[in-house]
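S.K.: One structure, as structure tokens, below. Some questions next.
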Amino acid sequence: MPHLCSPPRSVQTAILQSPTGTLTIASAPTPSPSPTQVLVRTHAVALNPTDHKMPQLHPSPGALTGCDFAGAILSLGASVGALRPDLQIGDRLLRLAGYTPLATCSPASAALVRDYGASHTFAYTSPSCADDIRAAVAAPLRYALDCITDAESARTCYAALGRTGGRYVSLEACRSEWKTRKAVKGEFVMGYEIFGKEVALGGEYGRRADEGKKERAVKWCREVQGLVKEGKIRSHPATIAQLSPQQWLSYGAVITISYAISRCIYLLYFHPLAKFPGPKVAAVSNLWYAYHWFSGRYPWTIEKVLEQYGDVVRIAPNEVVFMRPQAAVDILMSGTKQRPTFIKTDFQHIGGEHAGIAADPDVEKHRAVRKMLAPAFNPRALKEQEPALHEHIDRFIRQLEKLGTGEQGVDMREWFDWLACDIAGDMGYGHNFNNVRDSKCNPWTAVPSVCQCIAAKAHLFLRTFRGIGLWGTLNQVMKRFPLFYPLVFLVLPPKLAATLPTLLKANLTIVRDRITNRHSLKHPDYFSLLIQDNEPVPSEGFLVAQANHLIVGGFDPDTNLFTAAVHFLLTNPEKMEKLNREIRTTFASYEDIRNDALQSLPYLHAVIEETLRLHTNGAFGLPRISPGDTVDGHYIPAGCVVQTAAFATTHSARYFHHPRSFHPERWLPAEHAEYDPVFNADVKSAFKPFSMGPRGCVGQNMGYMQARILFAKMVYRFDWELVDRGVDWERDLRLYAIWEKPPVVVRYRVVGTAKE
């Protein structure tokens, strides 16, 4: 294959579209031309009138195919003939074919157009253009080629054709109302068809692959090339402008400003989501979205704009958020036989070949992994796992007994992190991080308390995870700025940048150990279902990805629930007293506390539900990509992103009475003595703490069981008191991909004796 310039590289940097529709900058193979193709390094492109339709019709949303370009030819296909890189054909072809070419143009270009083959030229701006054409020709006009295809050009062509009709061909779809004469046969051509491949555009622009059209195009090009060699046709004059640096800067500034203005006009008035209200800056740029995520107050911002603009708000150029519970049903319960699936975005995907169960946008892959893991959370499996759970919680209670509290108290955030981490590792892949066991701080120091003597290996996960919120925010926000995404690692905090690779390496080591020791388990874990004895072991990358999500999914929601519940109970001591009474009158001893009995305790269940309502785990909106379907009565075109507003919904007086106050009574059955009828009008269906549908949390039953057992044993064993009542939970909360919680400093007094 001949190369006209330096040989092209085998790979190139390109903007690629992922299966979820997200654009990323990545390496891609450089195309290799077929025998009849030419490989060109593009230097410049021009947009035609048809290109403005591309953002709505292109398979990659917002992309333009483009038709005109200039650049350097890198290589030729084996069948490509002699080269004429400046080849441009004028109306001489029509004259050579035996036709009399007529042309419309501006008066300034008339002489040039006649020189290149037109017999007559007519000013398209003249009101009598069609009449002038008919008067200038002796025989009726038979053919009209419309290169513009708007209402005026179509009118001129139809009027100029002979009375008996003729053939009208356009380079763009001609609207039916422009076709004013039945005797004229109208059609339009798609230049892309000459490649013989499918034209995957929407509506009437789509074309099936046709190899015959490619063969005819190749033959035509060769014939034209022969005419050029014979001098029967000549190329259009070319001018190469030499610009000074100042001119380049001026033109660059004009182009940049023009592009920015044009993009803003399109996004504000012509984008498919332009009909939805919202902040104007959010409609034209992702900066509004990024700013509020980096502020840590994203859920409250969404709540505010929903109050201001209504139940559907545009929060980014290609994204809207919905308030009403029906929207959550339409989005999250999709994928049935009646409705197409709203695909998960790459919001939670941190990179790599395998996304993990919580982030994988591939519906079939997610369904397969979920099916593998689901047996770990059925009632029988939970029964088998309960003894290991009691072992962790009993160790936690004993450590608190040994340490005791002084006047300054204990910050329970730390302890709940340790406990949740140990449980997640042990239940997930049989590895106990032993954070609780190794917490040998004695005595407690200044508040907020931080243990200085945790083993380094056990502390690695927590030390990294506590800083990973910023990484998660950077990762998902910067995907919206693909040109800057490769720089995201440059702005990571140095400690996180140093520990994150170490954490990933440690996780890989644990996964490998788990595979090696899969026949010597102390108790069942989730990985047992991923590496079954009678099945081939999945790839290491697949298992590591699932481990990441199982550990994080088992840790973060649980420590949030534990910490928030203690805060809400101790800031509402009358609620804590009710829970005390229910637990201590139900069980005769600490050892009697078991999950089966706990499931029948309504106030305990109500405390958990109310905590989950006030402290929403899915406060980031669960974004999905629309397949082109209706959400809460609004049609959302394919490729647009939608999300729900769980935080705003559960904190809205439209759905819950006293929405910002802690009232477990709202979840009690009506016949319960503590039930308050003021909560009769609460819309319980607006509360979905573990999402719903095919992507709902597979481990929610395990989460409930952990919370029931932990709260029951803590309440049975200790009396609790909040030390710092100056903490405002909502005011001090921040969300950076994960929740950053305010301190919950408590004192406790031993009541009973925990099992040794």
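Placed from the backbone N, Cα and C atoms, the Cβ positions cover glycine too.
Just lifted these from TrEMBL, have a look:
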BINDING   Cys697  heme binding site
DOMAIN    35-94  domain 'Alcohol dehydrogenase-like N-terminal'
S.K.: Relative to the Cβ position of the residue listed as 'heme binding site', how many further Cβ atoms are located within 10 Å?
M.R.: 19
S.K.: For Cys697 (heme binding site), what is the secondary structure by DSSP, using just helix, strand and coil?
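M.R.: SS state of Cys697 (heme binding site) = coil.
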S.K.: Which value does the mean pLDDT take for the domain 'Alcohol dehydrogenase-like N-terminal' (35-94) in this predicted structure?
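M.R.: Mean pLDDT for the domain 'Alcohol dehydrogenase-like N-terminal' (35-94): 66.
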